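A quick write-up on the structure given underneath.
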Amino acid sequence: MKKTRIRTRYAPSPTGYLHIGGARTALFNYLFAKHFNGDFIVRIEDTDIARNVAGGEESQLDNLEWLQIYPDESPKNPNEKYGKYRQSEKLDRYNEIVEILLKKGLAYKAYDTTYELEKQRAEQIAKGIFSFRYDRNWLKISDEEIKKREVEQTYSIRIALPKNHDYEWNDLVRGLIKVNSEDIGDWVIIKSDKYPTYNFAVVVDDFDMQISHVLRGEEHITNTPKQLAVYEAMGWDKPVFGHLTLITNSKGVKLSKRDDSVKQFISNYKEDGYVSWAISNYLALLGWTSKDTKEIMTKEELIEKFDPERLSASPSKFDMKKMNWYGKHYLQEINKNEIFEYLESLKDKKWLDLFIETFLPNAFSLSELKRELKEYENPMIEKPEIEINDVVKKFKQNLNFENFSVDSIQKAIDKTGTDLNVNGKKLFLPIRLATTFNEHGPELAKAIYLYGKEIIQKRLGNVN
């Protein structure tokens, strides 16, 4: 089969929701395909029935679209020319290929029970072989026992690897990689439950869909020689492989599900009201850089600039501060009506306009704006630990409650500084603490005004 058109794919399992690692993989495959005017495909690897999560497939597809990663083909918009887009719908196709391998003598039925496999593994460990390699000559059972296990269907099917054979590929990211068959051993292609294993099914899928390039995480490097074995056994052209760098936290430690220093699922960002392209823009620069080292890029720019030769093999740090820097940049461009819709506030439009004008410049997500809004919608009146000093007393004296406006508040702040000969933090911090109950915040006069005259009067009520 001659592959001329660039076709890439993202093939998640519906065993969980879209993770930043999976999203980065999908994005790179999308950008790569579109850079070369090719096709980007999403298919679902759902043969691990026990681990599939309800809503897992929908989460993958919906969140990809939210990130503005649109597949040319998927379970939602399949192309019948390339077969099914869910592995669970392709079992007959996998069995067809297995029969070919069995007839060629390139695969065989293995009748080992779980107990016998564990015994074989224990014997290898006793010999100092800690990476298990199946020995096809280990099991000694009678023909009668074989017939019994055949009837009971208690067997798996393994691929028969050639002796001392090198599987090698020129990795797009890491260069030439070579693995010998003696370091792999015959591996299972059809499990005893008659479902295909990942490393077998994925090759059939990639061949059927004419995938030209496979970009995926570095954890798949050990899978690649196994997959090459299937390509060679079937006499199929193999795709170009590229294994993307690991994503770590800001300290360089591999991400784990218990690591709360990073928002790890795309749905978290969606729920928190991040602008979707902020995430995509940041993910695009985890393991890849443009020649001009530009950081803010539209989708069109990324597609144009996505040179695979600039993929990095060094681990990429996911820094929430940097992520929020992107969030802040893109939030400034959002349509104000979207903000109103997300905030769901009963405040009048004029007040909301000023609130957004005041808090938006420092916000990185809509949920952050909503948190600030709650402080104004449900304000505390007293905060006992607030210390009242001369600055606050003078500010209260200078504040004109009869003409309560942003301008009058600013004049009161300025006059207080002049009267007491103070400025900077010594001026602003006591006033901010006494009026807003916060150490930090946006432009002080606006932050005070948004609470309204009555709340500020009550908060300054005990100041004499």
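Using N, Cα and C of the backbone, Cβ positions are placed for all residues, glycine too.
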Feature motif ''KMSKS' region' in Swiss-Prot, mapped to one of the ranges 34-38, 44-48, 254-258: 254-258
From 12-22, 309-319, 452-462, the residue range that Swiss-Prot assigns the feature motif ''HIGH' region': 12-22
Cβ contacts under 8 Å made by the motif ''HIGH' region' (12-22) with residues that lie 6+ beyond its boundaries: 42, 44-46, 48, 51-53, 55-57, 59-60, 63-64, 217, 247, 255, 262-267, 279, 283, 318
